[in-house]
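First the structure, in the form of structure tokens, and then the observations on it.
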């Protein structure tokens, strides 16, 4: 009986010693990897917070552009016997496209805020960031399309074109022109912010190793 | 038996990493291929727009009716933007080949994403501005008293409308390029 007890104790001790040694050897690289993981997480969280702030700024700019274009309506104080001189955004189909496109961009930016918050809460999640990058790129294309086409029409309205015999209508509708030009500028600001957002998401996607 | 088990474990590890590396390499090769397609598309657009020159067969005593791309500043911007994007893509081919060889590059991939997004914005701005002018040339605008010039300059109109197609194809492929770079970044 004594022998069996002593052997039992011996076995237990050696087991404990083995258990005590092996994790110590194996823990060091695990701890180092965990530290790098946590540091990467901190930086990614900071990037995600900045991403959210920029997204709200882009939303404000896009909303300003859409509203500024949609509320244009100028009526000149003189009129002939047949019609009244008025200008609003739906007189030019390009401006109608601008309002619709900016409305879509505003809706997208509002819907993407929860994804951004998910990226803040879980800094190492890959799928939300990937989704944000791809949809942000598509929205860049849409916004630049709306802004570019309206910029071409605004340029034409300011300068006219002699070869095509197109008159510069800004000379008559001054207030309308200013409003519309301001909306185009706001749309281009949105584009710049969106490009920055894509680069941020890309830099947060990389794996720290 | 132990050695056999070890060998089995080692072999399973190797087969696990090879498909991931293979997918990354496949995406980089597809990226290179798509880039070459966009070069052809944007170069074609620039040349198609840049070689427009239509002279109408009648003329008055004072002026000759002629239409070129440089008559409209927007078309000039279109040609310049497509040329810049073509040049950038040729330069980025080298970067793409570097990514095929080194799948682990991260900082250069992020730089490539930034430049791809910026060039896509430039291309889209040029294409959409020209699309607006082409639409105006086809339909005119009665409220602004702008006459649709396509009714007179038929061949000029066809040329300019056709050159927009290459640009728009380039925009769609640019979106795919950014997607591939982002997926390659996240997979490492």
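In case you wondered, yes, glycine gets a Cβ from its N, Cα and C as well.
What Swiss-Prot records for this protein:
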TOPO_DOM  A:1-46  topological domain 'Cytoplasmic'
TOPO_DOM  A:68-96  topological domain 'Extracellular'
TOPO_DOM  A:118-129  topological domain 'Cytoplasmic'
TOPO_DOM  A:151-179  topological domain 'Extracellular'
TOPO_DOM  A:201-209  topological domain 'Cytoplasmic'
TRANSMEM  A:47-67  transmembrane segment
TRANSMEM  A:97-117  transmembrane segment
TRANSMEM  A:130-150  transmembrane segment
TRANSMEM  A:180-200  transmembrane segment
Beyond the flanks of the transmembrane segment (A:180-200) by 6 or more, those residues with Cβ under 8 Å of it: 47, 50-51, 54-55, 57-58, 61-62, 64-66, 68-69, 72, 89, 95, 98, 102, 105, 132-133, 136-137, 139-140, 143-144, 146-147, 150-151, 154, 157-158
DSSP-wise, what's the residue breakdown of the topological domain 'Extracellular' (A:151-179) into helix, strand and coil? 18 helix, 2 strand, 9 coil
In the same chain, who gets a Cβ under 8 Å from the topological domain 'Extracellular' (A:151-179) while lying at least 6 residues past its ends? 68-69, 71-74, 76, 85, 87-88, 92, 94-95, 188
Please spell out the DSSP helix, strand and coil residue counts for the topological domain 'Cytoplasmic' (A:118-129). 7 helix, 0 strand, 5 coil
Taken over the topological domain 'Extracellular' (A:68-96), the predicted model's pLDDT averages 75
Residues outside the topological domain 'Cytoplasmic' (A:118-129) whose C-beta sits under 8 Å from one of its C-beta atoms, at least 6 past its ends, are 37, 40-42, 44-45, 48-49, 51-52, 201, 204-205
